[in-house]
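The annotation ubiquitin cross-link is assigned in Swiss-Prot to Lys27. Annotated SUMO2 cross-link per Swiss-Prot: Lys43, in sequence order, evidence recorded as similarity to another entry. For Lys27, Lys34, the entry in Swiss-Prot reads N6-succinyllysine, with the evidence type similarity to another entry. Residues or ranges marked as N6-acetyllysine by Swiss-Prot: Lys27. The feature phosphoserine is assigned by Swiss-Prot to Ser30, with similarity to another entry given as support. Annotated phosphotyrosine per Swiss-Prot: Tyr38, in sequence order.
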Amino acid sequence: MGRMHAPGKGLSQSALPYRRSVPTWLKLTSDDVKEQIYKLAKKGLTPSQIGVILRDSHGVAQVRFVTGNKILRILKSKGLAPDLPEDLYHLIKKAVAVRKHLERNRK
């Protein structure tokens, strides 16, 4: 975050790990991770939600390092990818919510 009373803009960014190899302590194989992705996608979760669950619950920091593909590519190969891109879906959802709010709270 930037400073209010200084010209600096701050350095808030996420840093990728230096090593792009699978950690030695990770016991899941590529097929195990793919099965988890399929199972979570069938529940209706988005690719970013799947990544958060894999990171927090299963210890998979980067799916791409373990499987060789990103989550969305894995879902597309199985035919489980969402029909709208995730960012576009959330923009549409927000626009609908703003319209609904403006209809209710007209001056």
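Glycine is no exception: its Cβ is also placed from the backbone N, Cα and C atoms.
Residue environment of Ser30 (phosphoserine) contains 14 other Cβ atoms, counted within 10 Å of its Cβ in all protein chains. The distance from the Cα of Lys34 (N6-succinyllysine) to the Cα of Lys43 (SUMO2 cross-link) comes to 14 Å. In sequence order, Lys78, Leu80 make up the list of same-chain residues 6 or more apart from the residue listed as 'phosphotyrosine' whose Cβ falls under 8 Å from its Cβ. Lys43 (SUMO2 cross-link) is 24 Å away from the residue listed as 'ubiquitin cross-link' when you measure Cα to Cα. Around Lys27 (ubiquitin cross-link), taking its Cβ as the centre, 9 other Cβ atoms fall within 10 Å, counting all chains. Fewest Cβ neighbours within 10 Å among the recorded positions Lys34, Lys43: that distinction goes to Lys43.
With respect to their backbone Cα atoms, the residue listed as 'SUMO2 cross-link' and Ser30 (phosphoserine) stand 20 Å from each other.
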